[in-house]
Every structure is written in C-alpha cells, then in structure tokens.
Amino acid sequence: MQGIVTKSMGLWYQVETADGQMHNCRLKGKFKLENKKISNPVAVGDKVRLISDQGDSSAMIIAEILPRENYIIRVSPKKKGHSHIIASNLDQAIIVATVGTPRTSLGFIDRFLVTAEAFRIPATILMNKIDLLSPEELDGLKEKMVEYESLGYQVLYISALKPEDIESLKSQLANKTSLFTGHSGVGKSTIVNELAPEAQQKTSEISDFAQKGVHTTTFAEMFKLGTDTYIIDTPGIKELGLAEIEKDELSHYFPELRNLMGKCKFSNCTHTHEPGCAIETAYQDGSISPTRYDSYLSMLAGDDNRR
Ligand SMILES: Nc1nc2c(ncn2[C@@H]2O[C@H](COP(=O)(O)OP(=O)(O)OP(=O)(O)O)[C@@H](O)[C@H]2O)c(=O)[nH]1
Ligand SMILES: [Zn+2]
C-alpha cells in the first residue's frame, strides 16, 4: 500500500492512503538514512510504501520512501551540522506578502524566489490585505509586480477577509501541493485557517499534546483541500531562509541574469565590477531592474536581508 505523509510527530507519522484513510505509522526498524547529514528521514509530502505491523494490527509501518520530486531543506534547529527537510514533492511555494501591515520588502521576496529557484519549485507571490489599499495604491502595486510576472512568477492579490477571494485562491491551488510561507503578521494563519478550517483545531490539539509532555516538534503539516489538493503550513518557520547557495551559483537563480550570463567577457564574472559584464550593461541600460540587481548584490555580499 502507498500513502503520503501528512504530519510528522517525533517517531510517529500520519500517512494518508489513496482511499482517504489516515494511518499512524512508525518507521521500519532497520530503516537506513541515505544521507547522514539529514536529521529527519521522513518529511511531510513524502510518498511512502506501507506494510502492516505484525505486532500491532492497527498500525502500519513505513517500509520505503519513494523518490522525491523535490524538497525544501533548511539547517536543522536541533542537530548541529545537519539539515532538516521541511517538505517534499511540492508543486508550488507561496510567499504571503503585504505592502503596509507589515511591509514585505522586495528584497525579502527576491530572497524567497531565489530559494524556490534553487529547489526548482515554482513560486507564487500572494499579496494579501489588499482591502487596506486605495484603488490607486493597488494599481501602483500591480504595476510594480508586472516585472515579477514577466520573469515567470505568478502574482495573486487577495484579502483573506473576503470569502470570494478565498474561493478564487482555492481555484489557484486545485490539484497541487502548495507550501505557504511569509513574515509574521502577513495573514498566513488567517489564510490557512480559511482554506482548511481543521487547521485551527489542529493547533489546539498540538498544544494539548505538548502539555502532556509528549515530545512534539511539528515542522510542517499538510491539509487536504480536495482530491490531489494539499496545502502545507510551516508553523515553526515564518520565513523560508536562503538555502545554502554558493556565490558563483547565485546568478543562476535570477532568471533575468541567467539569460545573460554567457554574454559576459569573463567566464568567472561575478557581475559586480568586471569589464565587459553583460549584466552590468543591462543594468545601465535599464533592461534589468535596479531592485533585482540590488537584491543580487546584497545576497552576494551575504547581507542578511530579512526585513
Ligand atoms: N485587513 C486585513 N487584515 C487581515 C487580512 N488577513 C489577515 N489579517 C489580519 O492580520 C493579522 C495577522 O494575521 P495572522 O493570520 O495572524 O498572520 P500570520 O502571518 O499568520 O502571523 P502570525 O500569527 O504571527 O504567524 C490578524 O489580525 C488578521 O486578522 C486581510 O486580508 N485584511
Ligand atoms: Zn558579468
């Protein structure tokens, strides 16, 4: 039998099988970690093969993890020198952003987009709280975001307080697995709770569980919205930090820079000061955006551009 991991609770995993049933599963005793630097062998979103537990007829055992299409990883908060897989098999990663309350900077959005590019996950920018904007402000925002659409990123505009906007968001999520991330205060919880009302319930369940002293670290949880439609909330992670990306790879993750790269005079060009740099020329003549180029430079310099 096959299933998909929807929740990880220490040694137990919640797995949904094709018939819609949820099973509490453990990992096979002799399960070998392929990569010793990964702190969690099984992640939310993993497709797994289950076998029945001989000792306990009500339980199932995860015998195998099927190859992952992609995954998002970050430095493990618990184990030094290790990485933690946040979620796998994603169709899109969505950053929830707001203009004023709080303000999400373009630099922060760029950082998220670079991470998504590095993990080869299509990225969507979800502008929330547009009810707080005047029509002129909304037009201004849309004008600014055209550039992102031209780079191939989807940009959506909603107010989480408007049921019709939540409905149209649902249609954008249909038949996909979408991961939500964003700064604290942008309305991520409001959106997730509107989409999946059971998410709210789960939150209190988890704290009850924690109060009993059970060791729980819920890194990510998946909610089913419909057939083949899932959202993944990442409670512990308000922000999807920049993956560990080598400096000489960085320009690959800016689509507009990637297109120009072969045209620089030097093959090891860092696009900062070198003569004959095609990217600097494009910046000078306005064909690449100054804010995007600034983001590139600040990420290259290792600035922690989290605001
Ligand atoms: N006006 C307006 N307020 C919103 C909207 N979406 C969320 N809010 C409010 O913004 C505040 C923050 O929302 P949350 O959903 O808690 O934000 P969050 O991103 O999950 O932040 P944390 O709770 O810190 O994780 C709450 O007071 C929400 O009611 C919106 O579309 N419009
Ligand atoms: Zn260059």
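Cβ atoms here come from the backbone N, Cα and C positions, even for glycine.
Automatic prediction, not curation, is the source of TrEMBL annotations.
Here TrEMBL flags 78-240 as domain 'CP-type G'.
Model confidence over the domain 'EngC GTPase' (88-238) stands at 87, taken as the mean pLDDT rounded to a whole number. What TrEMBL records for 88-238 is domain 'EngC GTPase'.
Feature annotation from TrEMBL assigns GTP binding site to Asn128, Lys129, Ile130, Asp131, Gly182, His183, Ser184, Gly185, Val186, Gly187, Lys188, Ser189, Thr190.
The C-beta environment of Cys269 (Zn(2+) binding site), restricted to residues of the same chain at least 6 apart in sequence and closer than 8 Å, consists of Met261, Gly276, Cys277, Ile279. Taken from TrEMBL, the feature Zn(2+) binding site applies to Cys264, Cys269, His271, Cys277.
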Legend entry - Additional residues surrounding Zn(2+), by Cβ distance to the Cys264, Cys269, His271, Cys277 centre under 8 Å: Met261, Lys265, Phe266, Thr270, Thr272, Glu274, Gly276, Ala278, Ile279, Glu280
Inset, instruction - Compare the Cα of Cys264 (Zn(2+) binding site) against each of the binding-site residues Asn128, Gly182, Ser184 and report the nearest. - result: Gly182
Inset, instruction - Work out how many Å separate Thr190 (GTP binding site) and His271 (Zn(2+) binding site) at their Cα atoms, rounded off. - result: 41
Legend entry - Close-lying binding-site residues around ligand 1 among Asn128, Val186, Lys188, Cys264, where CB distance stays under 6 Å: Asn128, Val186, Lys188
Inset, instruction - Around ligand 2, within a Cβ distance of under 6 Å, which of the binding-site residues Asn128, Ile130, Ser184, Val186, Cys264 show up? - result: Cys264
